[in-house]
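Asks: Annotation comment: Swiss-Prot describes 8-290 as domain 'Protein kinase'. Taken from Swiss-Prot, the feature ATP binding site applies to Leu14, Gly15, Glu16, Gly17, Thr18, Tyr19, Ala20, Thr21, Val22, Lys37, supported by sequence analysis. Sequence annotations record features per position, and here Swiss-Prot assigns active site, proton acceptor to Asp131. What Swiss-Prot records for 300-330 is region 'Disordered'. As annotated by Swiss-Prot, compositional bias 'Low complexity' applies to 308-323.
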Amino acid sequence: MTGSSSQFQQLEKLGEGTYATVYKGRNRTNGQLVALKEINLDSEEGTPSTAIREISLMKELDHENIVTLYDVIHTENKLTLVFEFMDKDLKKYMEAHGNQGALDLKIVKSFIFQLLKGIMFCHDNRVLHRDLKPQNLLINNKGELKLGDFGLARAFGIPFNTFSNEVVTLWYRAPDVLLGSRAYTASIDIWSAGCIFAEMCTGKPLFPGTSNDDQLIKIFRLMGTPNERTWPGVSSYANFKNNWQIFVPQDLRLLIPNLDSMGLNLLSSLLQMRPDARITARQALQHPWFHEISNPNPLMQHLADPYQQSQQQSQQQAQQSQQMDPQTYR
């Protein structure tokens, strides 16, 4: 990786995280737009482990639904990761194009399909993302969705590695992680995908908890309070309590009335309480709800920005009416 910081021009600040600031930038050589993730290096602590992890994993993950890392520029006091530029994250996309955040179901279908493809590629390469949320899913103006921010991602060598349970933003955190499991599998990413799926349909977070316990209660209210009969071994988790209020599972149709029965079936398969009962990304992509997506290429027409589509349709209609107008032939 041979670039230098002078090769890129900062255009505007896009966001700021725990250890990095992200800018929209331009490659001075070819004019290409990029995202510049700048990490200030502490003279004593050196490069943050999250940055090292992100770089090492993203160099290995080459897929159409994962943001491309073009370059890494290392100077004395700063590390700059040069990524392909994406127009907005899913959260901002929902705010801009949704009906109070809720997206058209054709868009939901294409986005969740692309999300699952990205997840499957990660899992096939033995990588857990561990921080899937709308803010980390990036959309470009072609309607392509890509996984970004692999700062918390981990490679897993065997199915039951022991990891920290302080992963995944609270609202998208799987119940097994909330219950204190430190030995979990790729199924935690699947739960997050289910939460994102529901949020795209309704425009609202499915489980907007304020603390670990509140998050569990919100999940139980909808999915039912687990016990040894419904989830063998659940009582052995560190955060399990015998005095939880007993909730019965609710019908997801009441919460997401605009989603058809096949879509609800897929959502339910993603949001299984027991991690071993959750569908895999590969299985999910074979679900009948996706059968109409015959072409897996994300550049299908319905993946495009709805605003751009309406603009294009208006222009086409104007051109057609102009061609049909007898005045144009006089």
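Any Cβ shown, glycine's included, is placed from N, Cα and C.
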Asks: I need the most crowded of these binding-site residues: Leu14, Ala20, Val22. Count other C-beta atoms within 10 angstroms of each C-beta and give me the top one.
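Replies: Per the Cβ count, the most surrounded site is Ala20.
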Asks: Mind checking which of Glu16, Asp131 has the fewest other CB atoms within 10 A of its CB? They're the recorded positions.
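Replies: Lowest Cβ count within 10 Å among the recorded positions (Glu16, Asp131) is Glu16.
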Asks: Measuring Cα to Cα, how many Å separate Glu16 (ATP binding site) from the residue listed as 'active site, proton acceptor'?
Replies: 16
Asks: Can you give the mean pLDDT for the domain 'Protein kinase' (8-290), rounded to a whole number?
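Replies: The predicted confidence over the domain 'Protein kinase' (8-290), as a mean pLDDT, is 89.
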Asks: Distance between Ala20 (ATP binding site) and Asp131 (active site, proton acceptor) at the Cα atoms, whole Å?
Replies: 16
